[in-house]
Amino acid sequence: MSLIVQKFGGTSVGTIERIEAVADKVTEFRRQGHDIVVAVSAMSGETNRLIGLAHELQSQPTPRELDVLISTGEQVTIALLSMALNKRGCPARSFTGSQVKILTDSAHNKARIKEIDGSNIRAELKRGRVVVVAGFQGSDEDGNITTLGRGGSDTTAVALAAALKADECQIYTDVDGVYTTDPRVVERARRLEHITFEEMLEMASLGSKVLQIRAVEFAGKYNVPLRVLHSFQDGPGTLISLEESLEMESPAISGIAFTRDEAKLSILGVPDTPGIAYRILGPISDANIEVDVIVQNAAADKTNDITFTVSRGDMVKAEAILHETAKELGAREVVTDAKIAKVSIVGVGMRSHAGVASKMFKTLADISTNIQLITTSEIKISVVIDENFLELAVRALHTAFDLDDTSSESA
Ligand code: ADP
Ligand code: ASP
Ligand code: MG
């Protein structure tokens, strides 16, 4: 008998019928004798609806109150799923994040889990009950309700699995595993049997929303065996683990991630002197704006241009700061562009394959896609391009790096 943490996402609990279907599934696992802890998301669309209500009132909703509001979505689902389980003769009890005692820091709307007191859950499991926990939330030292950022129920599940030393953490969702790229964008995307934490971490941080990045971080840190599966279709899903592929010929690239969530800002014609990057980017980070890609190029006339990207929601704030800095430094111009996208190729195989970058650049050249910015790390290469070319670029790269699923094609 094992202890399994199962997480069901928003679409999987989006209607009463689906909640009943989830209850059937959980009951079946329980009948097999496993101890089950279930973490659930809000019903699909609910978190967005609640955020929309807050924005009708305030353009920048008070962070503490926003958390009180948006944490209610998950509270609805834990109650409904527990009722559905009890109805099936499968004893279950619901817990909000703070009832479990999921202790977080006080960074409202993007809190980090510090500690989980598993004693309540263990006591309930001992009584033979299924424990149903509200995902995406916790509370801080002072008892304020906090939430963990969009997609945070994944992190709740993995953190519970780590705290309870579960045998496996199963993330049930609306696709049957982790794919080479978003299967809703590339029809020929292929399900991966296996992906390393390292690769999954890059994929998540570069825009693949199938798992929240913090969930992958947690799973890697505590070595929680993690599997992504379809809620209502049987299948092996995708295992995320430490080991690299055992195949002899591991591919150069395992997956392609992309995001439309960023915006690009440039400050042109600043003096090329020591400390200039700090003078420009210091005030941006002081305003708590995260900077992603940064490129600096020096011109022959002893001036510099610095270009960087921030998340699109921060663009207006960053632009105002940059105009201030431009005035102070006597810069020539500030230019912004929100119509950009970032495409990244990811794979541990990159370490042992040469020519990956040039193949990427040639593929983009062949479809006349202009590369605006490039950044690389050991296992990924990212390019910033015009948003209009995004889907074309992802498909072309998917084919060029032999990721297409050709199994359904006739010979
Ligand atoms: P849930 O509500 O269950 O948490 P999400 O919408 O957060 O589900 O995540 C699942 C979605 O992630 C899929 O429907 C798919 O469109 C998207 N996705 C993006 N990249 C990938 C990928 N590489 N593999 C699988 N799904 C992906
Ligand atoms: N309900 C939250 C969201 O929509 C958390 C989650 O679903 O993981 O972001
Ligand atoms: Mg999700």
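Glycine residues also receive a Cβ, built from the backbone N, Cα and C atoms like all the rest.
Just so you know, TrEMBL annotations never went through curation; they're auto-generated.
DSSP assigns THR173 (ATP binding site) to a strand. Look at TrEMBL and you will find LYS7, PHE8, GLY9, GLY10, THR173, ASP174, TYR179, ARG184, LYS209, VAL210 tagged as ATP binding site.
When other Cβ atoms within 10 Å of the Cβ of THR47 (substrate binding site) are tallied across all protein chains shown, the result is 24. TrEMBL lists THR47, GLU74 with the feature substrate binding site.
Annotation comment: TrEMBL describes 265-343 (among others) as domain 'ACT'.
Confidence for the domain 'ACT' (345-411), expressed as mean pLDDT, is 93. The domain 'ACT' annotation in TrEMBL covers 345-411 (among others).
Here the Cα atom of THR47 (substrate binding site) is found 16 Å from that of LYS209 (ATP binding site).
In the three-state DSSP reading, TYR179 (ATP binding site) counts as strand. Residue counts for the domain 'ACT' (265-343) by DSSP state, with H, G and I taken as helix and E and B as strand, are 29 helix, 33 strand, 17 coil. Break the domain 'ACT' (345-411) down by DSSP state and the numbers are 29 helix, 14 strand, 24 coil.
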